[in-house]
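Input: a single structure, listed below in structure tokens.
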Amino acid sequence: MAKTINIDPVTRIEGHARILLECNDAGTVEEAFFIVNELRGFERILVGMEAHTMPQVTARICGVCPTAHHLVAAKALDNAAGVEPPPAGRLLRELMYMGHMIHSHSLSLYVLAGPDLVFGLGGAAASQNIVGMVEHNPELSKKGLRLRSLGQKINEVIGGRGIHPVTAIAGGIAAKLTDAQFDRLKELTDEALTLACELAPVTKELLFRLFDDNPVLLDKLNVPSWYLGTVNGGKLNVYDGTLRAMDEDGRIRAEFNATDYVSYLAERTVKRSYAKEVFLNVDGAEHMYRVSTLARMNVVDGMETPLAQKEFEEFRNRYGRPSHNAILQMYCKLVELVYCCEKAGEIMGNPELRGPSRVAATINGKHGIAHIEAPRGVLIHDYKISEDGIIQAANMIVATQQNTAAINKSLKEGAINLLEGGDDEKMLNGLEFVVRCYDPCLACSTHAIGHMEFAVEVRCGGRMVRRIRRT
């Protein structure tokens, strides 16, 4: 008899979702769906608001990646006004963003996915959390949490707030930093790079052990897809550049500006989830694609900084180009963590950092589009602005909705093997881990907010025959 498995809720990710597995009469998984249960509808909320407030308002979409929304909104207003921030304005935005990326990647590696690294996937549920991790490996935990804190403090000094920054505006950065603040930023960026270099070899050792202990997942999560990521002169830049599309064979198939996204990205709603799905439209065909740290490591030719380039070369020598395995996302985050710490130090040494940080910008009656590489992948904001400076229409394409099709495919491959074992706890841990590899941000994907839980449902012929839930 066909059956459906439902996992509800999923833990150690941002938001509230469940997993639905549909099986045939023989008990084989035929379909898997990652279902987002929250709705907020931020795009509709923005209509009628004053356009100049978008950097501050959209930062409230998410408490985990507010700076990504804050800065891409400011960039969209720059585009609408037809202006570029002065060098200091751009550098301060980039430095703020390096702080945000440091915070987010540290949170993902050492808090959300940290227990997977320390305990593996078969650990007891009671210890699969940050408390258990601190007790078992206090040195790694302390350094990881400290690095997260440093990133947040960098963000706070420039952005005015640690969680929902306020200083980016059309034309640059509104705040003028004092000498004391610049000195503080130098201390923070220096310590961050030191910690990243100390954590890198230890984290790689844990990652390789996790890979070696889970050969089935390493094999089954090898899901070929297209990739989309940002390059600047062929190298990684998470703040700005062009969008590069790569096919599953590693061929570069398109490179375009965010302002042309409607010609390449097809967005549609799906019945089972509040998160839209997006497909890449190239040469008249739609393709499943991914945006993420893995996507970025695939599409770029190299890194802008020397220490990160060394880590990047080691990664590529091990796993090739393109790398299709979702489990490698954690390794890619480590490479980017080194890059962001190193890049922050380089920005601090740039003499243009202390110049004028803003120019005048007129946005009334304009249309603005921009993108940024959010920690989880490409993020696009699109605003149509009336002559009175009011938002007439808004569209956002976020990382998690672009990854949804790939998440479903990875879940199907993982579930085929995990379901056969008959161990509910092992299946829950394994499928949760598959989802965490993508590090989804559900508040962003639905432009929603909610409490995170995890559940799996198994259905046969549309009838639920099994439900596993963890609160």
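Placement of Cβ uses the backbone N, Cα and C atoms for every residue, glycine included.
Unlike curated entries, TrEMBL annotations are predicted automatically.
Some features that TrEMBL has for this protein:
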- GLU43, CYS62, MET396, HIS447: Mg(2+) binding site (BINDING)
- CYS65, CYS441: Ni(2+) binding site (BINDING)
- CYS65, CYS444: Fe cation binding site (BINDING)
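Features as recorded by TrEMBL, highlighted on the structure.
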residue: GLU43; record: Mg(2+) binding site; DSSP (3 states): helix
residue: CYS62; record: Mg(2+) binding site; DSSP (3 states): coil
residue: MET396; record: Mg(2+) binding site; DSSP (3 states): strand
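Across the structure, MET396 (Mg(2+) binding site) and CYS65 (Ni(2+) binding site) are spaced 14 Å apart at their Cα atoms.
Neighbour density at the Cβ, taken as the number of other Cβ atoms within 10 Å, is lowest among the binding-site residues GLU43, CYS62, CYS65 for GLU43. On a Cα basis, CYS65 (Ni(2+) binding site) lies 17 Å away from GLU43 (Mg(2+) binding site). MET396 (Mg(2+) binding site) counts 24 other C-beta atoms within 10 Å of its own C-beta, drawing on all protein chains shown.
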